[in-house]
Amino acid sequence: MVTLNSTEVLNTVVPETGHGNHSEDSPFLSSADAVKKTDFYDRNLALFEEELDIRPKVSSLLSRLVNYTNITQGAREHEEAENTETLRRKSPNMGTLMGVYLPCLQNIFGVILFLRLTWIVGTAGIVQSFLIVLMCCSCTMLTAISMSAIATNGVVPAGGAYFMISRSLGAEFGGAVGICFYLGTTFAAAMYILGAIEIFLKYLVPQAAIFHASDHHGGDSAILNNMRVYGTICLSLMAVVVFVGVKYVNKLASLFLACVIISIVSIYAGAIKSVFQPPDFSICMLGNRTLVRDQFDVCSKTVLEGNVTVPSQLWRNFCSSGNMSSPQCDDYFNQNNVTEIQGIPGLASGIIRDNMWGDYREKGQILEKAGLPSVDVHGAVESIGLYVSADIATSFTLLVGIFFPSATGIMAGSNRSGDLKDAQKSIPIGTILAITTTTLVYFSSVVLFGACIEGAVLRDKFGDAVSKNLVVGTLSWPSPWVIVIGSFFSTVGAGLQSLTGAPRLLQAIAKDNIIPFLRVFGHGKANGEPTWALLLTGLIAELGILIASLDMVAPILSMFFLMCYLFVNLACAVQTLLRTPNWRPRFKYYHWALSFLGMSMCLALMFISSWYYAIVAMCIAGMIYKYIEYQGAEKEWGDGIRGLSLSAARYSLLRLELGPPHTKNWRLIIMFFVSLDLHVKYPRLLTFVSQLKAGKGLTIVGSVIQGQFLDSYGETQASEQAVKNMMEIERVKGFCQVVVASKVREGIAHLIQSCGLGGMKHNTVVMGWPYGWRQSEDPRAWKTFINTVRCTTAAHLALMVPKNVSFYPSNHERFTDGTIDVWWIVHDGGMLMLLPFLLKQHKVWRKCKMRIFTVAQMDDNSIQMKKDLATFLYQLRIEAEVEVVEMHDSDISAYTYERTLMMEQRSQMLRQMRLSSAEREREVHNYTSTNIHRITPVRPNIFVDHSEGHIELVSQTQIHSLIRMGSLYSDEEEEVVEPVADKIQMTWTKERYEAERRNRNNAPENFRELMSLKPDQSNVRRMHTAVKLNEVIVNKSHDARLVLLNMPGPPRNTDGDENYMEFLEVLTEGLERVLLVRGGGREVITIYS
């Protein structure tokens, strides 16, 4: 005898025979995982070992999280390099300064600061410029607070703002705003390129201009054409650089940032130096008008050459004759003196008082300096080109739209979250510090420009008064070229960054597969570079280049960025108000009120800067939203709009629970039963339900799978998917519910009782007719049907049974004529009136007319009935023809009697057949239960029967079949047992032989009893009603498109169930499309408003 200790027992392998305690991991782990058995079978986790494959150990989970990379969609904005695998393996190590603060500075500071801020200060004045900067920077600061909350609520991969909005507000909002953000970034590239070309042609190499103005009227068109040509060339070169190697752009980013910082420092240095030694930039004034300085050499009417006074270059510009004795000069030139004033008086000059308030000008209006003496006379038209004039009409709203792009760029930090050592900490701190820094720079720049530079020079956009110098360059130290060269390289760098980032943003949207027609832009080169997206970006940027005006492109990209920022604020506000469990930002200094304020400011700025651009941008976003909603892929991202829907649904359901809905608020909420056989058995039923969608209710498609839930879970999921696919094809809006039950009728009862939630429970049941019930010996189909009718009645639900559903029209068919006939025999809530009205709202039935028939008995006044019915329909606001059909009392015909007799004989015959079958099955069951212990195995799967002194070999399959038959029969006595696979082998005895002979002798007696059967009088009466009604209905409605009639209730005595089915068949014979309707016991239609 061998004794095993406890350790040996634990290590013993029990063979998998019988009910041995074999290892439980085999169904879950493949052979490849067998080596890792110790991973799953930790001694301290034995209680959880069976679920470790779906509920892993914490250590396993943590190890996977450590190896997680947040680079998704293959797009890393501003940081993509050719060797993506190397970058994936590189651990993030960037801090707040290099990873967020400096990139945000680089993106925020840009072309507007150098080219337009001095002009904005001169035009709007210091006070209003302060207001413009405050509005724009407050908007971006509030947006940064909201963005920080979203960005610290989880990892933000590539796509930046698009990712945040789409995952917070859903695919529709995310796609719409993502496209707006992409267009904004693309037009930003165009704006930066136009700025770079303006610096190049105006200040670096003016002689490179291709087009020249023939007169002062053609100056604008020549400038625009030059911008278009050089802009297109520059865009092409930049696109080639981005295509060839993005990594070079990223490496040069530090150089471009250095240019920006050096330029800004030189401005401050020049402002400080101007206190002691203002730079020498004098401007020439004729009266109070500013003159273009490069048109002449000396700011004087005459010059002294030797001892002789001769006309100056300025004189010759204004006078047609060079002879001073008989001049023919411009009147304004003759009557006003020429003076020279300091263009940069310096910080200590007190010029700030003159620049406090605005001086808005119309296009072509000459720039003037208030306070200088001037005789107001009209000069010659030919002299207009000699003065500095406004090139566009200015207003406060225009300046807001032009300045706002200089406040954008706050998303640069969130776009780089994958490279940050601690993104949760770096993004809020770096972004808010960058916005604070840039805001202070803008505020101080407004003050310095207003305090150091003469107002006439500030309003001179292109520096014509200071010899074509960049105005901000005149203030800088040590040389204006520092600003000119620095601003040129910074704008080129910003343009390259935009051309790098925009295609990756489009690629991220395309790879999310929410906008089908953008899928092609998700592809690129082998290393992930978005080639097609870059091509589209270049084409869109070219549209901005063709506009050719920096002042016109800036408001366009302002719209798109403001739209993006608006939805960032909305996303934060929605998440905060919903208080979803997943909303746990590490950044705590946010509030929904701040987000709403930021959202309101974005909306206000959109309409302040350009109301028509705002409407266009919102229309673009709206169209994209609706396109994604109808055509895009369904995405479940746990977004806030879904959370908002859940909150709204919860609130509405709780409100609905306060009481039953009023009749006016009654909606058709359908529970529709379908039969599944790997697919929906009768899809036309679903089509019919979809045609009732004008009821503005809800559809719940239910089905029952027979079996045990634990064994049928996979089949349930497959069935639900099949139903959902069919619902999508038929455009049925609703839900699907598949349950598993041991019996179909029990499953249906469960669905009727438990489906729906609160006040959104179904009030109507739709189910198909059990076709072929007469030919089948299986009574389950029609018994389940009648049981469902009884359940709906008990639950006070309405019931609809479409018959001959294969003849029902599809959604693509349209009836151009015909009628929908309603046979209103009994009133049970008005469903018969409401259903045709709802059907007529659908395009299939719209052209059909409605007819209502009612039945009058002998003692009814049919004329008065018709008048009353017409009045009732008028008050119901339903248009229909009315007809009252009189049914006279008549004797029961021989046909009716014969049909009733045949019905009862058939029922009796089937009952006897089922009874004899049940007796045979019961005998098999007795045989199995009494003799199964006598069967012993002689070799595997072969057994010997020793009963009654006989020996017979029986297979194991036969034994299992016998046991299965007995168990099925005992489960439900009336259900038919499935045929067994093998023939049942029994040993005959004398007693069994005698019993079988007696049964055969009784057969003629049973037949004689069947022939002498007399029909039940109540059945005869019911058959008579069915036959007569059917005659009348067929006579009146044989050509109707659809016939609706009251469905009789099932008998209270269940013995007559089969007869009930026969009555329904007789009632609907000869009709092509029939809809049997039972009301739910409550009014569903009212005459009151």
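The backbone N, Cα and C atoms fix where each Cβ goes, and this holds for glycine too.
TrEMBL annotations: computationally assigned, not manually curated.
Feature annotations, reproduced from TrEMBL:
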type: DOMAIN; residues: 100-272; note: domain 'Amino acid permease/ SLC12A'
type: DOMAIN; residues: 394-667; note: domain 'Amino acid permease/ SLC12A'
type: DOMAIN; residues: 683-801; note: domain 'SLC12A transporter C-terminal'
type: DOMAIN; residues: 814-923; note: domain 'SLC12A transporter C-terminal'
type: DOMAIN; residues: 1001-1089; note: domain 'SLC12A transporter C-terminal'
type: TRANSMEM; residues: 98-120; note: transmembrane segment
type: TRANSMEM; residues: 126-152; note: transmembrane segment
type: TRANSMEM; residues: 173-194; note: transmembrane segment
type: TRANSMEM; residues: 229-246; note: transmembrane segment
type: TRANSMEM; residues: 253-272; note: transmembrane segment
type: TRANSMEM; residues: 392-412; note: transmembrane segment
type: TRANSMEM; residues: 432-458; note: transmembrane segment
type: TRANSMEM; residues: 478-496; note: transmembrane segment
type: TRANSMEM; residues: 532-550; note: transmembrane segment
type: TRANSMEM; residues: 556-578; note: transmembrane segment
type: TRANSMEM; residues: 590-614; note: transmembrane segment
Among 98-120, 253-272, 392-412, 478-496, 590-614, which stretch has the most Cβ pairs under 8 Å to the transmembrane segment (432-458)?
-> 98-120
The domain 'SLC12A transporter C-terminal' (683-801) - residue tally per DSSP class, helix then strand then coil = 61 helix, 24 strand, 34 coil
Where, among 229-246, 392-412, 556-578, do we find the most CB pairs under 8 A to the transmembrane segment (98-120)?
-> 392-412
With pairs 6 or more apart in sequence, are the transmembrane segment (126-152) and the transmembrane segment (556-578) linked by at least 3 Cβ pairs under 8 Å?
-> yes
If we call contact 3 or more Cβ pairs under 8 Å (sequence gap 6 or more), are the transmembrane segment (392-412) and the transmembrane segment (532-550) touching?
-> no
Per the definition of 3+ C-beta pairs under 8 A with sequence separation of 6 or more, do the transmembrane segment (478-496) and the transmembrane segment (556-578) touch?
-> no
State, in range form, which of 173-194, 229-246, 556-578 has the highest count of Cβ pairs under 8 Å to the transmembrane segment (532-550).
-> 173-194
Quick one: average pLDDT across the domain 'SLC12A transporter C-terminal' (683-801), no decimals.
-> 83
